[in-house]
Ligand SMILES: CC(C)(COP(=O)(O)OP(=O)(O)OC[C@H]1O[C@@H](n2cnc3c(N)ncnc32)[C@H](O)[C@@H]1OP(=O)(O)O)[C@@H](O)C(=O)NCCC(=O)NCCS
């Protein structure tokens, strides 16, 4: 066992399919309008994979960029955690597919499914391995292909989601920097409000899908919406209390990107200006567990924060699950 140390983000990378699906494209597929989608969700377009392209390829690209950004070789990585609710295979895991393709030959690899909260859950796991000195470098990749599981005939859901990947290379950082705290939670009772059946499909799932045994995403949008606003407020306050920081100490809130009205609703409850809450939802829609690392990557490159700034990461999603973290930026 090595000496204990702080864990921080050493490198970031993102990747998207080239194909852009706009709201106008969706107008031709379901009974919807650009105006409705923008007003009710804030989304203008999303990226979607070609049908014959596996999702993990996005993770490979994002992972390579994060390693290059951190100036760490693939052979130095000790562990790969891929957060996903849309794996290409149940086995092998996406993390094993990525491990092989990037040449991280020494790395252990497993997938973690906490739906859209996955990146925060993964951060919490990676933090334990690095803080304890057990591993030096953990590659955390949020990798999602929601286009492969949405029902393209269901206007309630197909306008909301997209594909993408964001990766972070985590490793030891100087004292006082990096992950200050993480918080994770779940309410399995509420899980029935957002389902994607896989090896089993219950009669309740068939009923929700209009009598068809489709293994597509189904959601009670208004139940999830109410949950999301409340839990974003709760998870943000929880990590502020745990760290003794106040909202004035926080430079940027980096939330999971699901709906602009959820972000604005939570900002209002937290009594903070909307511009403190990062959003890139208009370009990508909801890319599940990839949204937070993608947002971090973009915001960092836009110089929205720098070394020593405190950030709150906050996510919520299927399960239902939630999570938040405070990071003092170390780069
Ligand atoms: C899905 C969501 C955008 C719906 O927005 P909403 O304002 O709550 O809309 P409602 O569900 O009240 O539906 C209002 C009407 O719009 C319709 N509608 C739904 N999707 C539509 C679309 N794409 N285009 C046009 N009309 C649509 C509904 O059918 C409904 O019509 P009706 O009144 O005739 O039945 C919103 O509930 C949401 O964002 N929920 C959370 C989703 C989420 O974040 N999930 C992932 C969490 S990780």
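Glycine is no exception: its Cβ is also placed from the backbone N, Cα and C atoms.
Remember, predicted model here, so these are calculated numbers, not experimental data.
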Quick one: sort out which of 257-261, 262-266, 267-271 is the region 'ACP-binding' according to TrEMBL. 257-261
Considering the active-site residues 116, 256, 286, which residue's Cβ sits among the greatest number of other Cβ atoms within 10 Å? 116
Residues of the region 'ACP-binding' (257-261) by DSSP state, where helix covers H, G and I: 2 helix, 0 strand, 3 coil
For the domain 'Beta-ketoacyl-[acyl-carrier-protein] synthase III C-terminal' (240-329), what does DSSP give as the number of helix, strand and coil residues? 39 helix, 24 strand, 27 coil
Per DSSP, the domain 'Beta-ketoacyl-[acyl-carrier-protein] synthase III N-terminal' (110-188) contains 25 helix, 32 strand, 22 coil
Could you state the CA-to-CA distance between residue 116 (active site) and residue 256 (active site) to the nearest Å? 7
